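These notes concern the structure reproduced below.
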Amino acid sequence: MSPYALSMLMSSLAVGTIVTLSSHHWFLAWMGLEINTLAIIPLMTKMHHPRATESATKYFLTQATASALILFSTTINAWMAGEWTIMNMTNPTPTVILTLALAIKLGIAPFHLWLPDVLQGLNMLTCLILSTWQKLAPMALMMLTSHQLNTSLLIAMALMSTIIGGWGGLNQTQMRKIMAYSSIAHLGWMILVISFAPSLALLNLLIYLVLTSSMFLMLMTLNSTNTNKLSISWLKTPTLAASMMVTLMALGGLPPTSGFLPKWLILQEMTKQHLGALSALMAMSALLSLFFYIRLSYTISMTSPPNISNSSLTWRKKKNLTYVIPILIIMSATMMPITPTLLLLN
């Protein structure tokens, strides 16, 4: 792809998200979402492969359906309330339709089926953009309207997302599908607490962005697209392979990594809301995700490739690591000690 076209598409992605984040009018927010969708589709199809074309088609149809539902719900709300303000979603019918539309946009269960298939047909960079940047605008709209959304519907979708996100990733060998199911599970934790404590949902989103970005950047550096290629990652860059294990443990939510912080705070908030049974179910569903993260760590550290070099010096991948990856790895592992500060800010 031409650098000029790529820069224009990336600028359009940024503009679409910023328009949605800064808007108070529903029509302007909808326009930002549409700019986002139309800007990423050429990035999806730049590989000129049938799988990429299929992924772009699925993504376009899904996002178009969600955008139509958003426009439909906001039009009904404007007709009933007399204004297009984002913070004024008073009627329950358009609010439920809006919740479902944003769930389709984000890939929350039971509207998650498009996400693993779409990610599997794309390259790692586009998967990174789709899993991180494209979540910002719909999640911002959900946070703005969180005090008016149906709490029971959000809790049901959150529990379903964490269970499906953990269960769906158990039998996968492709890293892009594993990261897709990981995204579904993390989104479940976010929307669980969004109506009780939006600040915790924002904290969870930020940590999710850090962990997912570091994971995708490491996979791009190691050129690992499945678990078989992960088993030879220690031959290429041993330090990066060890760092990937730490990031996987953070994605699973093991202490003392950063991934434990949002789960701990969310379970604490749910207990304060007298939802002990729900907290127990969420904690048990997190074990499903933790299992395939531990399996990936085992593949990286304790399995040998089928053909081991006979030479005394193992060939290493000579590729300059950017400064972004070490910073993200450090943030993935060391944000736990700042918990008291975050609790004071909350």
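Yeah, the Cβs are placed from backbone N, Cα and C, and that goes for glycine too.
Per TrEMBL, the feature domain 'NADH:quinone oxidoreductase/Mrp antiporter transmembrane' maps to 23-288.
The average pLDDT for the domain 'NADH dehydrogenase subunit 2 C-terminal' (290-342) in the predicted structure is 71. If you look up TrEMBL, you'll see 290-342 marked as domain 'NADH dehydrogenase subunit 2 C-terminal'.
Feature annotation from TrEMBL assigns transmembrane segment to 26-44 (among others).
The transmembrane segment annotation in TrEMBL covers 56-76 (among others).
Annotation comment: TrEMBL describes 96-115 (among others) as transmembrane segment. Sequence-remote contacts of a segment are chain residues at least 6 beyond its ends whose Cβ falls under 8 Å from one of its Cβ atoms, and for the transmembrane segment (96-115) they are 33, 58-59, 62-63, 65-67, 69-70, 72-74, 76-77, 89, 135, 138-139, 141-142, 145, 149-150, 153-154, 157-158, 160-161, 163-165, 180, 183-184, 187-188, 191.
According to TrEMBL, the transmembrane segment annotation covers 153-171 (among others). Sequence-distant contacts of the transmembrane segment (153-171), counting only residues of its own chain at least 6 positions beyond either end whose CB sits under 8 Å from a CB of the stretch, comprise 96, 99, 103, 108-110, 112, 116, 177-178, 181-192, 194-195, 275, 278, 281-282, 285-289, 291-292.
Sequence annotations record features per position, and here TrEMBL assigns transmembrane segment to 234-254 (among others).
Here the transmembrane segment (274-294) has long-range neighbours at 155, 158-159, 162-163, 165-167, 169-170, 172, 178, 181-182, 185, 188-189, 192, 248-249, 251-254, 263, 266-267, meaning same-chain residues at least 6 beyond its ends whose C-beta is under 8 angstroms from one of its own. Residues or ranges marked as transmembrane segment in TrEMBL: 274-294 (among others).
According to TrEMBL, the transmembrane segment annotation covers 321-345 (among others).
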Give residue numbers and ranges for long-range contacts of the transmembrane segment (56-76): same chain, 6 or more residues beyond its ends, CB-CB under 8 A.
26-27, 30, 33-34, 37, 40-41, 44-45, 84, 91, 93-95, 97-98, 100-102, 104-105, 114, 117-118, 130
